[in-house]
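Since the structure comes first, as structure tokens, the remarks are kept for the end.
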Amino acid sequence: MAGKPILHYFNGRGRMECIRWLLAAAGVEFEEKFIKTPEDLDKLTNDGSLLFQQVPMVEIDGMKLVQTRAILNYIATKYNLYGKDAKERALIDMYTEGVADLGEMILLLPLCPPNEKDAKVASIKEKSTNRYLPAFEKVLKSHGQDYLVGNKLSRADIQLVELLYYVEELDPSLLANFPLLKALKTRVSNLPTVKKFLQPGSQRKPPMDAKKIRRSQEYFPD
């Protein structure tokens, strides 16, 4: 029997959080080995565990996978969260890339200089409500199904719902005009595996502040 996946990253959201969400939604238990010092990262690099000298890195099925999208693709394929054919996978990829675009803006917001933060927040809100959220609402409305692709839960739904939580952290009112997205968020959040992940004490990570992000950037190469 294969062991649990082992996630190597720092103790924060960053680029590992979407992987945590996907594993949790798939009902997969995982272990975490947190990188706490530059020496921890050096050890992984020196023993050849990090192909591009970068994290996230996930040990799974005898592999040491790096690159967030590659990790997500493997997990989604392994646990049947990646569509039934090439067309569905293309749609899932398209939607998750849109999720990643907006998610990246929110992820990096704490690093924004204080004198620019209000403008950056306003820009993110504008893009959320005028570009990204309407697009996903339109997809759901176009086919009237419960999930984005093939009327079946996929990584696109999981990653979108993760993003919706971040959008609400930024401003709870941003979802007000998107009833289908709110319904999707409720639907996915009530899945037993996701519901468990959303409970206090799970491996889900809290929002990151600028201090924590900068500290991690000191020894995590881009």
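Each Cβ is built from the backbone N, Cα and C atoms, and glycine gets one as well.
Note that this is a predicted model, so its numbers are computed, not measured.
Database features, via Swiss-Prot:
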MOD_RES   MET1  N-acetylmethionine
MOD_RES   ALA2  N-acetylalanine
DOMAIN    3-83  domain 'GST N-terminal'
MOD_RES   LYS4  N6-succinyllysine
BINDING   TYR9, GLN54, VAL55, GLN67, THR68  glutathione binding site
DOMAIN    85-208  domain 'GST C-terminal'
REGION    199-222  region 'Disordered'
COMPBIAS  206-222  compositional bias 'Basic and acidic residues'
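Cβ atoms within 8 Å of the centroid of the Cβ atoms of TYR9, GLN54, VAL55, GLN67, THR68 (the glutathione site) belong to the same-chain residues ARG15, MET16, PRO56, MET57, VAL66, ILE71, site residues excluded. GLN54 (glutathione binding site) sits 21 Å from LYS4 (N6-succinyllysine), taking the C-alpha atoms as the reference points. Across the domain 'GST N-terminal' (3-83), the DSSP tally of helix, strand and coil residues reads 29 helix, 16 strand, 36 coil. Looking only at other Cβ atoms within 10 Å, the busiest spot among the binding-site residues GLN67, THR68 turns out to be THR68. If you average pLDDT over the domain 'GST C-terminal' (85-208) in this model, you get 96.
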